[in-house]
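Under the heading domain 'Helicase ATP-binding', Swiss-Prot lists 26-413. Annotation source Swiss-Prot lists ATP binding site at 39, 40, 41, 42, 43, 44, 45, 46, citing sequence analysis. Swiss-Prot lists 92-115 with the feature motif 'Beta-hairpin'. Residues or ranges marked as domain 'Helicase C-terminal' by Swiss-Prot on the basis of sequence analysis: 430-596. Here Swiss-Prot flags 622-657 as domain 'UVR'.
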């Protein structure tokens with residue numbers, strides 16, 4: 001359906017936004033493949049990108065480097081485009097422990113996953129929207145380059161129903177089962193259907209409250225209605241409805257037969273290879289596991305871990321590029337890579353990490369070699385599948401700059417705020433000097449961020465400041481999400497005035513009350529003192545009209561020189577603009593929100609075993625379970641499979657005793 005993108009906003013582009021929009025649109029219309037938008041912190045990059053989408057009218061994929069950032073972008077874009085399809089596509093695992101084998105201890109860890117039903121619904125909503133309309137924006141995490149089923153199969157297996165169409169009721173039921181819908185007359189939920197005489201109700205995989213009621217008269221569809229699944233209230237009459245498959249890995253029966261033959265062939269070859277090499281245990285293992293999966297596929301049409309056979313199911317040759325979300329888009333689409341200095345390296349790294357784990361499973365007989373083809377795209381494959389890309393970052397990386405030497409800049413903030421001035425002061429006597437600066441800020445009811453290089457220095461500095469009566473807190477890597485949000489909130493509310501940390505570049509640290517950022521050991525070259533990190537850190541003081549940065553250093557390194565020069569260049573552009581238009585910089589006014597939803601902090605393992613489960617109260621048990629689940633997710637994320645499996649077993653015991 002041809003619908004136009006339209007922005008709903010009380011604001012119009014300001015500052016250098018109109019020029020950036022014009023240049024980006026011009027580049028896209030003239031066929032430029034890659035462009036870079038260098039947008040300083042707080043300049044309204046999302047609003048600029050929204051205007052570009054509105055002007056070029058192309059389906060757009062916005063990629064972010066984590067779920068938190070993707071969630072923020074999704075909310076913002078949904079506000080700008082309330083009448084268009086803004087969709088969300090991230091990994092649907094709340095907790096995902098991939099199957100893994102640890103040869104040293106002969107430990108096989110089964111895949112264990114907890115799927116978030118809401119996110120699964122949003123993923124189906126995203127893919128079906130791409131086949132139903134043109135005005136689609138999908139906000140995705142980098143996991144969108146992971147393998148997905150074939151878009152051709154997904155499109156061809158759509159069950160299309162129209163009023164007046166001749167169709168036998170039982171034929172419709174068979175078609176629904178073929179696209180992985182289950183009949184359930186009692187527990188009616190997403191991905192199921194129920195039958196009452198001549199009425200069939202279908203709960204599409206992409207909806208969460210509405211279902212479709214099909215009323216038959218003989219062998220003809222008499223009426224199609226959209227109904228509230230809970231109350232039965234009729235919401236709308238429909239002439240036509242398209243029911244998309246309930247799984248992205250759907251395969252027609254004839255293809256499934258060919259796939260099963262090919263899997264059997266591969267199994268025979270692999271068994272011969274393993275037996276010839278004297279790997280009898282591995283041969284027995286792979287035969288047992290694969291034959292069980294094949295039996296399930298013959299009987300049920302699917303099996304647990306069916307994605308590992310995706311190469312056979314889509315009849316692709318070995319080593320072929322897998323299908324991903326990118327294949328569901330039409331040919332002429334736009335990709336926006338947000339925070340590209342992080343997301344581009346992330347796309348590069350995905351493939352190698354995945355292959356390393358799967359290779360161990362293949363070598364030890366847990367998976368057939370074809371499982372290696374259920375994988376994310378390599379960087380070159382990703383490049384081939386992209387049409388036109390806009391890289392967005394305050395500090396674009398070397399790859400983006402090499403791809404698009406002409407950078408489009410967005411330096412001016414709608415609030416008139418300037419990049420902060422930078423002082424360089426000697427390391428000797430830095431703490432006493434810093435103490436004086438902190439006291440000045442406290443007197444004005446402003447806040448201070450201090451970044452150090454080591455955990456020890458952070459702890460020592462925090463202790464020292466506490467001893468001299470400063471209200472201070474320390475943000476380190478062990479602080480989990482929920483605590484972190486609370487710490488930032490308390491800093492904004494003035495429960496303490498100074499926040500010390502090592503890496504202050506993570507999201508959520510744009511705090512308008514902060515007027516001083518102090519960088520200790522600024523002259524020690526390295527990851528957190530590279531020019532990009534320094535520019536991003538300096539940006540933390542750009543939300544306050546009195547913002548200032550102090551670098552404590554005995555020499556000016558190359559990175560410091562570049563960061564200082566770039567900040568001064570941006571500041572002079574901003575000052576000239578403010579002078580020309582008579583703008584007075586004003587600190588951003590941003591309400592302090594309560595913590596809405598996040599993960600509880602997880603404690604060290606020994607604290608779990610300190611209180612025997614039998615002696616715990618119900619509340620204590622629930623609290624411990626929540627903490628352990630959080631740590632289990634963290635362990636799986638950090639690829640610490642043994643720890644995750646150990647926690648999973650502890651959890652099962654706890655739940656059983658509850």
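A Cβ is built for glycine as well, from the same backbone N, Cα and C atoms used for every other residue.
Sequence-distant contacts of residue 42 (ATP binding site), defined by Cβ-Cβ distance under 8 angstroms and a gap of at least six in the same chain, are 413, 415, 417, 510, 539, 542, 543, 588. Under the DSSP three-state reduction, residue 39 (ATP binding site) is assigned to strand.
Taking Cβ-Cβ distances under 8 Å and a sequence separation of 6 or more, the neighbours of residue 41 (ATP binding site) in its chain are 394, 510, 536, 539, 540, 542, 543.
Every protein chain considered, the tally of other Cβ atoms within 10 Å of the Cβ of residue 43 (ATP binding site) stands at 27. The Cβ of residue 46 (ATP binding site) lies under 8 Å from the Cβ of 73, 76, 77, 80, each of which sits 6+ residues away along the same chain. The ATP site is defined by 39, 40, 41, 42, 43, 44, 45, 46, and by the 8 Å test on Cβ atoms against their centroid, the other residues of the chain that qualify are 48, 394, 410, 413. Summarising the environment of residue 40 (ATP binding site), the number of other Cβ atoms within 10 Å of its Cβ, over all protein chains shown, is 24. DSSP assigns residue 44 (ATP binding site) to coil in the three-state reduction, outside any helix or strand.
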